[in-house]
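Trainee: According to TrEMBL:
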DOMAIN    14-266  domain 'Protein kinase'
BINDING   Lys42  ATP binding site
REGION    268-392  region 'Disordered'
COMPBIAS  292-301  compositional bias 'Pro residues'
COMPBIAS  363-392  compositional bias 'Low complexity'
TRANSMEM  402-421  transmembrane segment
TRANSMEM  467-494  transmembrane segment
TRANSMEM  506-524  transmembrane segment
TRANSMEM  545-566  transmembrane segment
Amino acid sequence: MGGGRGRLGRVGPYTLVERLGRGGMGEVYLAATRRGENVALKMLRDAIEADSEARIRLEREVRALRRVESPYVARVLDADLACDRPYLVMEHIEGDTLLDRVRTAGPLTGADLVVLAQGLAAALAIIHAAGVVHRDLKPANVLVGPSGEPVLIDFGIAQVLDATRLTMTGTFLGTPGYSAPELFADEPVGEPADVHAWAATVAFAATGRPTFGRGTVEAQMYAILNGQADLAGVPAALLPLLRAALHREAAKRPTAALLAARLARLARAREQSPEPPAPPKTARTVRRKPAPAEPPPPPQPAAAEKTGPERTGARKAGTKAESGAEPGPEREPARAARQASGSREPSRGTRTAAAEGREPRRASATGTRTARTASRGRQADSALAAEAAPSAPAGPLPAGNMALIVLALLAVPCVVASVIWPVATFAVTGFFAVLARTVWTGHWLVRKRRSARVRGALRVLGFPLTFAGSLASAVFWPGLPAAGLAAFALWLTLGGTLPPDWWQRPAPVAFAGVVFGVTCGGIIGREVERVGSGLPDLRREGLRALAVLGGFVALCAAAVRVVALVL
């Protein structure tokens with residue numbers, strides 16, 4: 001090989017040519033086969049031979065990936081998981097990523113956006129039907145052809161080893177802005193996580209802005225856990241789909257197949273009312289725009305008996321796949337699914353690939369997965385219908401608003417008591433601070449429990465002990481600093497003295513109560529904000545209001561005292 005193509009060494013039968021990128025989980029290289037054909041080789045950072053369960057899980061996922069055949073998905077060609085540096089070989093696709101495309105040419109609009117959204121949803125539907133979860137869908141892992149059709153690349157295969165993407169040191173693996181809430185909440189991760197990432201990616205393509213902001217990792221995690229998605233500028237036709245796909249609860253998100261079906265109908269409706277022709281675009285690849293395709297159903301065993309035209313691993317004219325294998329049974333289910341849905345397979349431009357010693361594998365369908373997917377799809381279908389209804393009647397107030405109303409009603413008698421007995425302000429503030437700490441502590445203690453009913457029951461049963469512990473800790477923090485500041489404020493307002501009957505001085509005591517309440521509320525509110533980012537079940541809005549309620553009561557009592565003095 002000329003031109004210094006072998007300077008980076010060899011990995012198995014592949015010659016490393018150029019490093020294409022690196023991340024927290026591995027490195028991606030442009031590599032060449034023995035016949036000189038280009039492939040993309042992803043090397044994982046750590047060996048997995050010490051973890052037999054992880055290796056079995058990873059091998060099963062790689063076998064499933066090698067069965068996937070779709071114009072929207074880069075094919076997996078080879079893998080070696082037993083070596084010191086496990087690696088995965090995929091076909092190399094030349095082109096610009098969605099991230100680069102949006103940065104250079106601006107957000108996608110009109111038919112281009114619909115084609116992208118439908119293609120990505122169809123890609124997810126296909127890999128989900130094969131039993132695979134992508135785990136790392138984001139704009140940098142989507143290639144966009146000249147006519148707008150996407151190709152999904154770089155599966156988050158290393159994240160199979162850690163379903164939560166959190167290392168022993170608490171470091172997050174992946175891209176937080178395109179991750180689902182369950183990844184931060186120690187919950188099982190599956191196909192709905194890909195759907196959430198799909199919505200965030202499509203929203204970025206439509207607006208040119210990260211869906212959950214550009215802040216720190218913690219800020220993005222907070223926005224995701226609280227559903228603070230920036231969807232301003234997303235076309236109205238896509239808004240219901242994106243909102244449903246970004247639902248906080250994984251079970252209420254639509255399936256990728258349902259999304260692809262809705263978007264295929266939307267694309268057909270757009271074709272019936274054609275738009276003005278777009279200016280010609282330049283790109284490094286040439287592909288035909290595929291017809292909007294209905295999502296393929298899960299592969300069926302009977303489809304393996306059908307035959308179809310051969311689809312080789314090499315995309316460049318005159319180039320033959322190195323494996324030289326005839327179409328095996330692993331390609332037939334996906335091809336039959338596409339034929340049944342009436343989709344066309346587009347030409348894929350300059351996609352070159354080869355696999356060393358690859359043998360065909362037989363696809364298998366799983367009835368339980370199909371049933372589970374169909375059930376979740378029915379739930380999401382009703383959610384989408386409700387989301388899309390433009391004139392839905394107003395329902396009951398959200399739980400957060402109800403909590404605020406209850407706290408406001410509770411504050412009234414507390415203000416009255418604080419006006420009559422100024423020292424009661426300290427007791428009111430202390431009680432609300434301890435109660436707020438008790439609530440978040442109870443959530444934190446049962447965070448590892450999977451069942452919501454079990455978590456709720458344990459919180460109720462453990463409330464007395466949790467309250468006692470919170471009371472004991474509150475005496476020292478925030479009790480000591482808040483009491484010190486309040487005593488200093490009382491001393492100042494009394495002219496630098498502290499008489500024995502200080503508690504009978506309404507105005508100074510009211511001022512000291514305000515200082516005590518604001519200090520306690522600020523400390524406990526900060527606790528709620530910090531701890532709540534990892535507790536998705538915690539209603540932080542209501543709990544923050546509870547934490548500062550003592551300060552609010554003190555301020556109201558002081559205001560009443562001032563009005564009484566003026567009048």
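A Cβ is built for glycine as well, from the same backbone N, Cα and C atoms used for every other residue.
Unlike curated records, TrEMBL annotations are generated automatically.
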Trainee: Flag the pair the transmembrane segment (545-566) / the transmembrane segment (467-494) as in contact if three or more Cβ pairs fall under 8 Å (sequence separation 6 or more).
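Mentor: They do not touch: fewer than three Cβ pairs between the two stretches lie under 8 Å.
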Trainee: Can you tell me whether DSSP puts Lys42 (ATP binding site) in helix, strand or coil?
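Mentor: DSSP call for Lys42 (ATP binding site): strand.
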Trainee: At a C-beta cut-off of under 8 Å, are there same-chain residues at least 6 beyond the transmembrane segment (506-524) that contact it? List them, or none.
Mentor: 418, 422-423, 425-426, 428-430, 433, 436-437, 477-479, 481-483, 485-487, 489-490, 493-494, 547-555, 557-558, 561, 565
